[in-house]
Amino acid sequence: MAENPDDHVCLYIEILACSDLLIRDRKAQSSDPYVKVKLAGKDIHQTKTILKNLNPVFGDAEQHAFLLDCPKKQLIDNQGLLFKVKDWNRFADQDIGSIQVSAADLTKASGETMEYVLEPPSDVPKDTPVGTLTIGCWQATDAHLEKLGKDKKGLRGFVSGIQSKAHDITHKAEERMKDLGDKMHVKEFSQALTPSFMKKDEETPKPFGSAITDESEKDSEEKEVVNTEDIDEYEQKYLEEVLLVVEVVAGRNLLIGDKHSSDPYVKVMMGEDQIHKTKHILKTLNPIYTPEIGSTFLLECPATDLADQGGLNFIVKDWDRIGVNDDLGTVDVSHLNLTKATGEAMEFMIEPPKGVNTEPGEAGYLLIRCRKASKADAEFLKDPHHVPKNMFPTTTKEAASSAWASLEKQSEDAPELKVEPKTSTEEDPNLPVPDMTDSLHIRIEIVKCRNLIAADRGGTSDPYVKVKLANKDLHETKHILKTLNPLFSDETDSTFVLHCLAKDLYDAKGLQFKCKDYDRLGKSDELGTVQVPPGKIYNGKGEDLEFDIAPPKGQEGKDAGSLTIRCSATTADDHTGERKKFLGMKTPQIEVPKIAIPTMKPLTAVSEMLHLKTPVTTRSVELDEPRPLFIEIVSCRKLLGADKTGLSDPYVKIKLGKQDLHQTKHLEQTLEPIFEPRHNPYFVLDANPAEVRQEGGILLKVKDYDMFGKDDDLGEVLLEAKALYEATGEKTEVKLNPPKGKAEEAGFISFRCRPATADDRVQSRTLLGGLTGTVMPKTDYGPKDLSLLIEIVSGWRLPIADLTSSDPYVKIRIGSYDYHRTKPIKNTRDPIYTIQHQSLFILEVATKEIKDNDGITFEVKDYDFIGSNDMLGTVVVPPETILEAKGERLELQLKNKGNDAGFLAVRCRPATNYDREFLQGVTGRSKKRDFMGLNASYDRTMAPKGGGGNVLKTMFTRNNKTEHGVKKYRVRPFPDPERKADTEFMSEKQIEAEALKDSRTWLDVGSGDLGKVYCEIIGCDGLPNKDQDLGNGNKTDSFAAIVYEDVVVKTDVIDDCLSPRWLPWMQRAFIFRMMHPSSNLNICVFDYDPGFAGDHDICGRVSIDLANLVPGTEYVLRYKLYENSAYEEREPKGILMVRLRMELKGQKDMLMSYLQYPGPQFFVNVKSAKDFDLVRQTVGGRQDLTSYSTKTIGLYVEELTGYSEITYYISDTIVSLLFWREQVKMFGIWVPLHSLVLFLSAIILAERPTLYPAFYFFSLGWSILAVGYWRNNSSNPWDKTQTAFGLLTALITGVSIHGPPKKIGAHEKEEESKAEQKAIRDKREKLNKQREEVSKAQVALAQEHQSQMSQVGEQSANTDISTNAGGVSLDPLKVVLYPLQLYLGLACRTLRLVKNVLIWDEPYVAFILTFVFFGIGFVLLFVPWLFLFRWTSRLIAWGLLGPHMKLADIYWYRDFENMSEEEQAQQIRDGFTAQLDAARALAAQARIDNERAIKLKDIKKELYGKFVTWVPVLSFERFPDVPLHSSSAQPYTPPENQSRAIPERVAGQHLVGDMIPRIMDLDDPGMEVSEEAKKND
């Protein structure tokens, strides 16, 4: 028989496995796959996710198999099923691949497995393999249903049940159809109810009651359709096909999701499937949704699906740009409401989200409307190209306004509610009064509050209620978010039991209920107080008692709302509300104990409260039978006061005879201690019962702790052995016996005792006499699913705990368990914790533990060597803040006994594997691990080959030989590994030729991204012999050290050679990454001294300015080496030859890097003092100018006096300008251009003197340009610098600022340059002679004047101002002279920098400064100076000097004079409020910058070494190093037919980021550095 497309198919499909899936998680190199199955665009099944697996196997049939029951035509029309394999992500899932399985494959399958190749998604190239999917398909049977876990007796039973139900409905319908003239056959009706997969091949009749018909079909069916109004819900469910138009009209009075409002949208769900979502509307609590924002949608589904899901679920949510969208409430609309709707507006009350308790209607209302859809509606809504339109007779706004208006009218017409009178807070004298010695046991329930004061910005509060008895906290509810009408329940700890004496209750005049607003950070706000009289509490019968709330201070007269409670009598065994306190959870609830009794009376069962795994049983035991006991010290009350304050610091000691078994921690300043788990109140007694009986029992001694001296006794009680071993865990209170010599009452102590279980033995310690005490086991919160990196950043304004300061440290705990503690920092109130103080740690806990303990507690304490550490302040960070933190800086207000106690800054974020590796490898006890390969990198750069320094080896090693009349030298430190025989000995010419070849090994170092500097140390000539004292042919063991920005490297060591050459196979070639274009390349040649022979001896150094080098040019440069750069009279110590080349990233980037503020700071860390001295001398020369020395002071003075030479240049410039001498060469002709410009400027200023400010700045810029022109007009090609025009062109167009590669020959223009330098030198000497002649003439004139005055008898002063030879040493004057040395050094460095900028040794800075001056001058051209001067003068004259100032004196200034000094000071402070705020903001930022610098410094010490050297960015050289005339340059051409060696990469010491900074390595693909991180660094 032919297949009928109208048949149904019932298939059992199982998703078996996938293989070779596409990698979507790059970091994990895996994926988290799951499979989703779709039919006609709708999800019909989804498997579970299998984490981190590219070959998942789906084995659980209940999760990965499903039953497909649908019309065969539907399966064919949709070309089968779509299987989509997706990768799960926390925020957005990604497609891995998909496959469309045809209907033929599915319907013809008979149980065989089918494997399909997945097609790649749209974001992956089509040819990329993305994996395969394997499925199995069967015709559904009973076994398959059982495998799926269906609650049916097999497939046949399921079908027969439906058929029997259809048979019953057929009989019912048969009678109803008699009136219709049997228009529809009963057989057809029965067939309509038969499940589709059980129909036979005969033609299926037309569906009954079809919902989509055209007009003609409706007319014909109206005569034939059965009236189904009386058919029950089951029949209706299987008779109809649902096709509806649904519209979300509006919302009213929604909850506040943001600070003041919400951004609401509506999501429509049917079961677990989302079928529609509107767009959000910004900032409103009364949204009106229109078709343009998606208010209308088409609901098309089988009636069975809609009925099975119970209708639609409308979820109202608040849209947030960042984070999870908040729930505002839900509305469930039943399927009957939807199917019977005819288009009218329907209002539904919104149910509030979980955790928000509100009165009915406070979550708002939602308005929707619905009607059956026509075929035209369906076609229109399905077409995405149609413009949205209203599908109802009235618009959305009209429907909303009319509906709200009718509802308001209904509420106005409704009868007025009768308001119950509130309970008075006055005591009723007619109420019964108990005996004052009675013990009261009253259950109190806090029901609700109404119309509370709004304490938050959003117009709501987060209220909770605290209950007090005579200033003692009894109970506290949990807070409820964002409501003024909270409803309290068991989930919010609404109920507690009051156990107290009647006298205590009546003396306190009842209970005080305080309503408060919870704040996450800071103190909770008061909302009001209710004092409930004792009579109302004692006589309560469980009815609602509503009291008016008295407003807090400052809001008197304001309506603070009402509080409703219930009170009822209970028994002594009722201890509702105690559990959280006992388990150590954060709640201020305490218990007021009952009256003391001399015997042990049970109160409550501890096994129930602890949920012990091992049940506690009671039985009669023999005292000789070994049996451990669990003892808990609960609380004490009415203790004796032992201190001067009238209070005590009590603790409890447990003794057996004379042996101390256990001791709790003491509580400070209280007579009513309650021992929490952190006070160590738990103890397991393992003593033999016979021993306990022999000692008479266990002695509990309550004592007062004293830091100095003996602790005072407060009382004691002996617990008999028999009573202890028969106890079952009930709370017992006994009376304490007073200490000797005191007759007054000593108070009471409460404890629990029961047999110990295995769960009690977790952490034990050995005590005296072999007895064992244990601490209560930590609560099991499940697996540790949370890993957090926490940093203690700093504290400030901490209290003083010692004489003048504190020694603060921070302790971190959750609940009562400590997790971490920093090291203390001595003598400071503003500590900054670094990695040396253990400021960083990884906290691995269960999320539930943090939430159950209300967050993480940070305690700041003062460390004391003797005695207990004082508490400085505490703060609790809520779980929400901890879990949402992403590493931002959290500033927390510390509290101590309710008072402000300074601030604490912390950071927190999820921990990474890099964090764990860092903390284990760098800060762990074992630092032998090579973290990130830093030890290997240090050895690679700082431990070169060669350099033994062995005298005996030098004596007996032959370093040269003669072959064929040619003298050859041993190649040191080692020959070419590829040509050992040919390169062991080489002639001088061979070595020289080999040295100029390209290097084979390169070391790529540094952290910058502006460009690369290729540097090769070729060799040296004429070095001094630093080892001549050793004799026997020993000579300098040469090596070169290079410091550039944040790196230091060394070449190999060449032994016993004064003219060394480093050959291509040696370590001599380096690639430096550039971070700043002004950084100098500092090179220093040393004599190598091994081991502990002392520091390396400096031969000479050079600082190479790279700013004027042209990219693409290869330079071979020769420099004279000098030991110092600050001495004017200095001798060269040899010649250094280097080969340099630069590659720049972008010309404009070089200039823009100067505009970044703050600029980079470079420091180099090394591990040894020997290497530190090497780096310091490489950067600054042999003389340590930072240490105190009179020689250094003289050097600075000599340098400052040398700057007087500038007067020569100024006088020469003035002469040239005045007399119009040659100044600028234009078209081969010297033109006095500067004189012409000065002349024209003077003419303009003479006529318009208001232009003086503008021309002043113009003249500054012009002067710098003139100096730059003079520099570039020099004959020496190595003395030229970049031009302002070239820099401006690069800034505007991005074209190279250097021009094409240059070619400079050796000794080019050497004669002209020497002649030019000689002319300058002769002119300077001539001017010096003239100055000496003038000085001599002035001295002679003074002597002549003195002799003439002495002849007329005048007595001249006889004061000796000369310094006595051999006077007192200057060393005692270090206190005065060393600060002077520092100031002189600062002045010299400043003048060097100014000089280098003016003469264009710093071309980028000079260029920026020039155009800043020109820009200021241009702006000042348009300033109306005359207008400003005139009106300023008028304002001063008329505003401050007129007769009206008399009135100001009478009405203002005299009032100020009549104020007290305090009032005057306060007014002055008020006037400076804005300045103070700005100053505080600057101070706060400075503190943060200081924290970051100190933390970074300590981390760099851990990573790279503790010795730090500052490397300046700009040049502070007094005498810049200029290449010799024998240097050369030529365009760089890469060598042909030679594969260039791949450089070995060593990252620099530049760190970026907060908490645990990362090493900035731009070649690391996983290293992504934001601009903000670079700025922070």
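Heads up, the Cβ atoms here are built off N, Cα and C, so glycines get one too.
Those TrEMBL annotations? Automatic predictions, nothing curated.
These numbers come from a predicted model, not from an experiment.
The compositional bias 'Basic and acidic residues' annotation in TrEMBL covers 409-425 (among others).
For 1305-1321 (among others), the entry in TrEMBL reads compositional bias 'Basic and acidic residues'. Sequence-remote contacts of a segment are chain residues at least 6 beyond its ends whose Cβ falls under 8 Å from one of its Cβ atoms, and for the compositional bias 'Basic and acidic residues' (1305-1321) they are 1274-1277, 1279, 1525-1528.
The domain 'C2' annotation in TrEMBL covers 1-116 (among others).
If you look up TrEMBL, you'll see 219-349 (among others) marked as domain 'C2'.
Annotation comment: TrEMBL describes 423-547 (among others) as domain 'C2'. Taking DSSP states H, G and I as helix and E and B as strand, the domain 'C2' (423-547) has 14 helix, 53 strand, 58 coil.
Sequence annotations record features per position, and here TrEMBL assigns domain 'C2' to 613-735 (among others).
Annotation comment: TrEMBL describes 767-892 (among others) as domain 'C2'.
The domain 'C2' annotation in TrEMBL covers 985-1119 (among others).
Here TrEMBL flags 199-227 (among others) as region 'Disordered'.
Among the features that TrEMBL reports, region 'Disordered' is placed at 398-436 (among others).
Residues or ranges marked as region 'Disordered' in TrEMBL: 1301-1321 (among others).
Sequence-distant contacts of the transmembrane segment (1227-1246), counting only residues of its own chain at least 6 positions beyond either end whose CB sits under 8 Å from a CB of the stretch, comprise 1216-1218, 1220-1221, 1252, 1255, 1258-1259, 1262, 1266. What TrEMBL records for 1227-1246 (among others) is transmembrane segment.
Positions annotated as transmembrane segment by TrEMBL: 1253-1270 (among others).
Positions annotated as transmembrane segment by TrEMBL: 1404-1428 (among others). Outside the transmembrane segment (1404-1428), and at least 6 residues removed from its termini, the chain residues within Cβ reach (under 8 Å) are 1077-1078, 1107, 1150-1151, 1154-1155, 1250-1251, 1253-1258, 1260-1261, 1264-1265, 1268, 1282, 1284, 1287-1288, 1397-1398, 1514.
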Cβ contacts under 8 Å made by the transmembrane segment (1253-1270) with residues that lie 6+ beyond its boundaries:
1224, 1234, 1237, 1241, 1244-1245, 1281, 1283-1284, 1398-1400, 1403, 1406, 1409-1414, 1416-1421, 1423, 1425
How do the residues of the domain 'C2' (767-892) split into helix, strand and coil according to DSSP?
18 helix, 53 strand, 55 coil
Roughly where does the domain 'C2' (985-1119) sit in mean pLDDT, to the nearest integer?
88
